Amino acid sequence: MSLNHLLEQARGPWVWDGLRIDAASEDSDVADRVARRTKIHRSAIGAFWLACIAVCVVVPAWNYLRLQRWVFRLRHYLRHDVLRRYRHIHGSRLYHNQSLKIACFWLAITAFCSLFRADGDLAQITKRLGRIAVALMPPLLFLTLRPSPLPHTLYLTLVPLHKWLSRVVVLISVIHTALYSWYFLETGVFLTKMKKPANYWGVVALTLFLLIAVTSVSQTRRRNYRAFYYVHYLSTVFTVVLLHFHARPPIPYYTAMNATILLAQIVYRVWHTAKTMVSVLQISSTLAIVEFPLKDLVKKPILPSSHIRVSRFNERSIFSRIFHQLVPFQHPYTIASLPTDDTVKLIVRCGKFQLRSGMKLLVTGVFEPRIDFLQVPTKTQLLSSPEVTLRHNSQLRFIVSARRAFMVVGGSAISFGLPLLRILNFNGVTVRLIWVTRDFKDLTLLNHFKNNFDGLEIYITQPVGGEQDLQIDYIDFENNLENNADTRERSPLLGSSRSESKYGTTSTMPTSFENSLENHGKSNEADEIDFTQIYSVGNLRRKTKFDMLSAGAIDSSVFRKPSVVTAPVDQIDSDIEDGEQMANSNTLKIPAGVKVFFGRPNLTNADYQWCLERECIGPSITNDCSYEERFRPGAKDLSHVWVVAAGPHGLVENTKRWATDGGLHFHEESFTL
């Protein structure tokens, strides 16, 4: 029996593939229709409140709880001591895939609200899907607020939640439209229904949803970010209006919430935007330093590594200025200078948004970062300090809950790492900052910052590709220990000395040699020691401790020599033909205390041992300590050890996985489109 015959014969409910469909008829039970409408309304309300609780309660609560010591110890035990023993879990991409977890969470909410007590009624499920999509719009827009009003929450961390919630909304909207279209076509009323304005506005809204989804794909977004932004912003505004006229029964409360969020964002942006004039200093073909006075900011920074958003200022057209205030095409940047500096410095990646000296810009912000281990001391905390010294009264003093900080940044994200490096060094925190960059000449930007570069390690990779392609490799030494369960229990990330020496990392340098540099540098902090030790990843693997000492690497005379860095052949500009010019182009000076490597960095067991305060005592080329040294107690409290990553997506994700597997605290800021 055909489906059309069933539709012609049915006067009441009929079943198709186990799902009941109610045929439209004039003698429908009014009470039944009211009951179904009530269920649809309640399903939408349920989805709205579940999303609100997840965003406004669960997320801030988790951000607070994960900082508590007992929660950290529990997570460390589960990640480091339990899950790492199960290779099928630890090695699975699903275990580390945050996007999949978020997508499943939003899909679970929508599926539950769509199917709960629907009794297999496909017509009711179809209507629920549309209503739920409308109900999820306010939480979706709330996730875009900058700064986020949620406590203990950085607005950047809400971007994945917003991205996947929007995709789920588009998905259920497509299913809602497809089911209705199929039903109208089967009953022969498609053209009649499409003549109704409410249905027409719904189709237009769906078209805008699909347009947002297509332009949000990473390849499309990176190819033309301006088109993505305008499509995304304008389509969102129009969709809010169109859904108001499409939905039946009306949705005045949802529309009011959507409009309030959009208007509040505009008012906040206009109120915190000011005009400034910038000066630009070109550092290399990829990076530039942009400066403007701190007084031009409406809101002054409090914490280091704050964010601002920049857009062009059009002096010729007032209409253009109004449009760009309402629909702002802004570029986010991190302030590389300290909050106490009179000049704001930005480290900008050279791209399509060209900046030049004397250009007038509109600057919005600042947006304070949420760095969980760093906070500004109150007056009470300053007065109650046990030591009343110049250091404790300094504006660089912060309340830091970290003992050690291991930071990895890539490309222009050094703007995030430099101010943190100085603040943490000043407050007595042991820091390592690994900066991965492509262009050898990028190192000269360090000369434009007054900083304590103790702990800065620079890796210069091949000068091919874009900043978004910068990577850091994660070497899982657990793979080398499958047949040694006893060793795995005591040191899950520990690898053999042979495997460890295979990779060029900072830990392959003798500990005694590194300490001699550090101690000399701290002998007189006011004196600028013009010395930089140059490391080659390839050469370090071939050198021995005897070779280094016999070469006079620790000769005290070298500490006063200029810090001259010479690039390898593959880093020299091939367009330069003159020999003298070539020699000058591949040689530069950088501040003291900086370690430079040529090659791609790896995150290895040696780096994890550094976080645990388990560095080898005495000289060790391979960082392969004796048995007693390898298993002596590490950091007194791992909850005070932080891993921080900023930069391209791949670099941040690999660092995050390394920190997650080690059961360490992790903070991220992704510099990606």
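Yeah, the Cβs are placed from backbone N, Cα and C, and that goes for glycine too.
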Quiz prompt | Correct range for transmembrane segment (source TrEMBL, candidates 165-185, 396-416) | solution = 165-185
Self-check item: Within-chain partners of the transmembrane segment (227-245) [C-beta distance under 8 Å, separation at least 6 from its ends]
Solution: 134, 137, 141, 197-198, 201-202, 204-205, 208-209, 211-212, 215-216, 220-221, 251-252, 254-255, 258-259, 262, 327, 329
Quiz item: With DSSP helix as H/G/I and strand as E/B, how many residues of the domain 'Ferric oxidoreductase' (129-242) fall in helix, strand and coil?
Solution: 94 helix, 0 strand, 20 coil
